[in-house]
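Taken verbatim from TrEMBL:
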- N86, Y89, E90, C144, T179, N227, R232, S243, I244, K245: Mo-molybdopterin binding site (BINDING)
- 106-261: domain 'Oxidoreductase molybdopterin-binding' (DOMAIN)
Amino acid sequence: MLIRVRAASDPRPSEITPEPVYRDRRRFMMGAGALALTGAAGSVGLAPGRALAATADDYAALAGVVESPLSTDEDPNSFRQITTYNNFYEFGTGKEDPARFAGRLETSPWAITVDGACAKPGTLDAAALIADHRLEERIYRLRCVEAWSMVIPWVGIPLAAVLTPFEPTGSARYVAFETLEDPTQMPGQRSRVLDWPYREGLRLDEAMHPLTILAVGLYGRVLPNQNGAPVRLVVPWKYGFKSIKSIVRIRFTEEQPPTSWNMAQPSEYGFYANVNPTVDHPRWSQARERRIGEWGRRDTLMFNGYGEQVASLYSGMDLTTHF
Ligand SMILES: Nc1nc2c(c(=O)[nH]1)N[C@H]1C(S)=C(S)[C@@H](COP(=O)(O)O)O[C@H]1N2
Ligand SMILES: [Mo]
């Protein structure tokens, strides 16, 4: 994000294919309720070089996904847009690097350590997480701090349902997240562009908010590696950089945890990072955004359009200082 968006890396209009069959297929999937899981969840990482040509059908379908009333009714971006225009600096800083290089990430088995200020620390197995929870389709806007946006049909689990069994103590006030650190699988980590591992954090009430999910899939399939397989955070009212990918550690803390972009450039990226069209980034306006696949720009919405649900979390806070 320190790097300017290169117009040359944007999808060309010829690449922008709508998903005409998706809604129909989705209706069938939801109706069928329990389509067979066609592969071990998370074990379908594609070989490098294949990812750019991949379609949703190359990924294992998730069974028993129910539609969430919390979805936007805006049209989702195409599978191709969502999986070829990414930010995942562990695989390079270019928007097409994650699709090219994330295939080598081994996502099964995958354990997530949960510890810190809680009564029952332990580990989560990504495949068990998928098997044990009700999976919801949540179609959310994703607003990148670089002033572009997409609409993504995530498959996710409310984060609160995952965290509650670990019994956070009364002194837990924040939740810290870390991505895998492994330069042999993540070539971008050989560069010092960020201080690895990628770290993010939420206040406990933000983490427990019903809109906050752990995503395990998109378009009804397991997550492509470039989108943060096997488990990534999605916090739809915050800039995209809060939605940390390929999580290996979750920790309850009493103090506000350090976060990667805030550490890298504190004057530009705050801890809260709530989408806010009235608070500009020091180097560009946040008032408008380009929806990937559209010409021109549209107005950015306060809290990315989720103000009715989340504004009360910040009552009394000055959002120009807590940006
Ligand atoms: N570990 C990790 N998580 C990350 C990032 C990253 O570089 N590393 N980039 C963030 C940014 S800036 C954005 S906009 C979103 C992009 O998610 P997407 O590629 O699935 O659209 O992922 C976020 N999560
Ligand atoms: Mo971003």
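A Cβ is built for glycine as well, from the same backbone N, Cα and C atoms used for every other residue.
Projection of TrEMBL feature records onto the structure.
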residue	record	Cβ contacts under 8 Å, 6 or more apart
N86	Mo-molybdopterin binding site	K95, E96, D97, P98, A99, Q226, N227
E90	Mo-molybdopterin binding site	T179, L180, M186, G188, Q189, W196, Y198, K245, S246
R232	Mo-molybdopterin binding site	L214, A215, L223, S243, I244, K245, S246, I247
DSSP-derived class (H/G/I helix, E/B strand, else coil) of I244 (Mo-molybdopterin binding site): coil
Integer mean pLDDT for the domain 'Oxidoreductase molybdopterin-binding' (106-261): 98
Binding residues N86, Y89, E90, C144, T179, N227, R232, S243, I244, K245 (Mo-molybdopterin) - maximum C-alpha distance in whole Å: 19
Helix, strand or coil at T179 (Mo-molybdopterin binding site) [DSSP, three-state]: strand
R232 (Mo-molybdopterin binding site) - helix vs strand vs coil (DSSP): strand
Packing count at T179 (Mo-molybdopterin binding site) (other Cβ atoms within 10 Å of its Cβ): 26
